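Chemist: Mind having a look at this structure? Questions to follow.
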Number of protein chains: 2
Amino acid sequence: MKRFDLSLYLVTDRGLSLGRPLESIVEEAVKGGVTMVQLREKDCSSLEFYELGQKLKKLLSPLNIPLIINDRLDIALAVDADGLHIGQNDLPWKVARQLLGPDKILGLSVETQQQVEEANSLDIDYIGVSPVFATPTKTDTFQPFGLEGLKDACRISQFPAVAIGGINASNAASIIEHGAQGIAVVSAISSAESPLAAAKDLKERIQQIEIR
Amino acid sequence: MKRFDLSLYLVTDRGLSLGRPLESIVEEAVKGGVTMVQLREKDCSSLEFYELGQKLKKLLSPLNIPLIINDRLDIALAVDADGLHIGQNDLPWKVARQLLGPDKILGLSVETQQQVEEANSLDIDYIGVSPVFATPTKTDTFQPFGLEGLKDACRISQFPAVAIGGINASNAASIIEHGAQGIAVVSAISSAESPLAAAKDLKERIQQIEIR
């Protein structure tokens, strides 16, 4: 049985970390209550990606916080990460599942309601509803789902859903209210003056909804 | 026993293919006598890389021409390529070998004589001496080996060596004369008006040395 908690999911981006080392952002974020971490790095060598993965694995593993690698299945295998997150332009889910094995977490980004439906027949573990709001972080995306679209997606999906895109303290609670299991954030934590305080604040806003 | 023939090794680059589809370049090159093909693509999605790999695998496998994937171990695994070629900034060779298994071909780029020596203790199958001449294709490289440097590298190395960088019809023969098992070319075939004729010409120049 795979156990993971999507509620506060940090997606890394060194470009948005205000020059601070990735490990310190992640370390603070985890102290603030982050429940999962996705290493997403687009412009680095495989060696650098691998070394970052190793560092995060060492940091997160003792805390039982899953480390998920974005896109790069080889890095996920090389650092024995807890899982892989793929998008629609990454390796096909079937290939990814076959090489990862059944015990690893496999997440898939969905960008339309049709993709939410299609995902229901796949051997994956969660969906990433992307983007829920317009965002400057990713530019190659479809129309945002919006809160009503997110609600529909969560209703249709047989998998737990984490929402991503433009989420911050002001709208975090509404994401959970509309059916998502969690929020995935990039800049709301990585660009915060205090990643720890930002994570803690987001966590409290989510928990207030969860305990209602 | 792994069998491969480094003598005329095509390294792909869609940017240098004058707009022609990669498969047609490779198909022609193989008809002209190419003995190995490395799929090297830097600016494409994982899905596109995977699909290109599948196409080349389908093309090359019946001809018993090894398909080697550059850098991306996951793509190599996903398309069941014959091997992987890594550089000094890619995954560590040990990780690559472990995930590839003992039967796949593993090539390593070496950029200095020190790296040639270090490679001798690794579980790899060939070295790529890079660059032998100055080249516009790669800009992040060390000083070129030159022909005398290549000769030294081939003498020092316990592995067969293929040379890359600035190789064309005018200097192909000298590469073999200086001890390399083969030449690796990008634009000399991919940018040629006729990749078939270009490959054939290179092949003849190499064979003239080999049969001496």
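The backbone N, Cα and C atoms fix where each Cβ goes, glycine too.
What TrEMBL lists as domain 'Thiamine phosphate synthase/TenI' is A:8-189. Taken from TrEMBL, the feature 4-amino-2-methyl-5-(diphosphooxymethyl)pyrimidine binding site applies to A:GLN38, A:LEU39, A:ARG40, A:GLU41, A:LYS42, A:ASN70, A:SER109, A:LYS138. Per TrEMBL, Mg(2+) binding site is recorded for A:ASP71, A:ASP90.
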Chemist: Are any of A:LEU39, A:ARG40, A:GLU41, A:ASN70 (the binding-site residues) within 10 Å of A:ASP90 (Mg(2+) binding site) when you go C-alpha to C-alpha, and if so which?
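Modeler: Among A:LEU39, A:ARG40, A:GLU41, A:ASN70, the ones whose Cα sits within 10 Å of that of A:ASP90 (Mg(2+) binding site) are A:ASN70.
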Chemist: If you measure Cβ to Cβ, which of the binding-site residues A:GLN38, A:LEU39, A:GLU41, A:ASP71, A:ASP90 are under 8 Å from chain B?
Modeler: A:ASP71, A:ASP90
Chemist: What is the separation, in Å, between the Cα atoms of A:GLN38 (4-amino-2-methyl-5-(diphosphooxymethyl)pyrimidine binding site) and A:ASP71 (Mg(2+) binding site)?
Modeler: 10
Chemist: If you measure A:GLU41 (4-amino-2-methyl-5-(diphosphooxymethyl)pyrimidine binding site) to A:ASP71 (Mg(2+) binding site) at Cα, how many Å is it?
Modeler: 9
Chemist: Could you tally the C-beta atoms, other than its own, that fall within 10 angstroms of the C-beta of A:GLU41 (4-amino-2-methyl-5-(diphosphooxymethyl)pyrimidine binding site)?
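Modeler: Result for A:GLU41 (4-amino-2-methyl-5-(diphosphooxymethyl)pyrimidine binding site): 20 other Cβ atoms within 10 Å.
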Chemist: Any same-chain residues 6+ apart from A:LEU39 (4-amino-2-methyl-5-(diphosphooxymethyl)pyrimidine binding site) with CB under 8 Å of its CB? Would you list them in sequence order, or say none?
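Modeler: In sequence order, the residues whose Cβ lies under 8 Å from that of A:LEU39 (4-amino-2-methyl-5-(diphosphooxymethyl)pyrimidine binding site) (at least 6 apart) are A:THR12, A:PHE49, A:LEU52, A:GLY53, A:LEU56, A:LEU67, A:ILE68, A:ILE69, A:ASN70, A:ILE75, A:ALA81.
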Chemist: Counting only other Cβ atoms and using a 10 Å cut-off, which of the binding-site residues A:ARG40, A:LYS42 scores lowest?
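Modeler: Lowest Cβ count within 10 Å among the binding-site residues (A:ARG40, A:LYS42) is A:LYS42.
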Chemist: Excluding near sequence neighbours, so keeping only residues 6 or more apart in the same chain, what lies with its CB under 8 A of A:ASP71 (Mg(2+) binding site)?
Modeler: A:ARG40, A:LEU84, A:HIS85, A:ILE86, A:GLY87, A:ASP90, A:LEU91
Chemist: Hey, does DSSP put A:ASN70 (4-amino-2-methyl-5-(diphosphooxymethyl)pyrimidine binding site) in a helix, a strand, or just coil?
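Modeler: Strand, per DSSP.
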Chemist: Specify the count of other C-beta atoms within 10 Å of the C-beta of A:SER109 (4-amino-2-methyl-5-(diphosphooxymethyl)pyrimidine binding site).
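Modeler: Around A:SER109 (4-amino-2-methyl-5-(diphosphooxymethyl)pyrimidine binding site), other Cβ atoms within 10 Å: 23.
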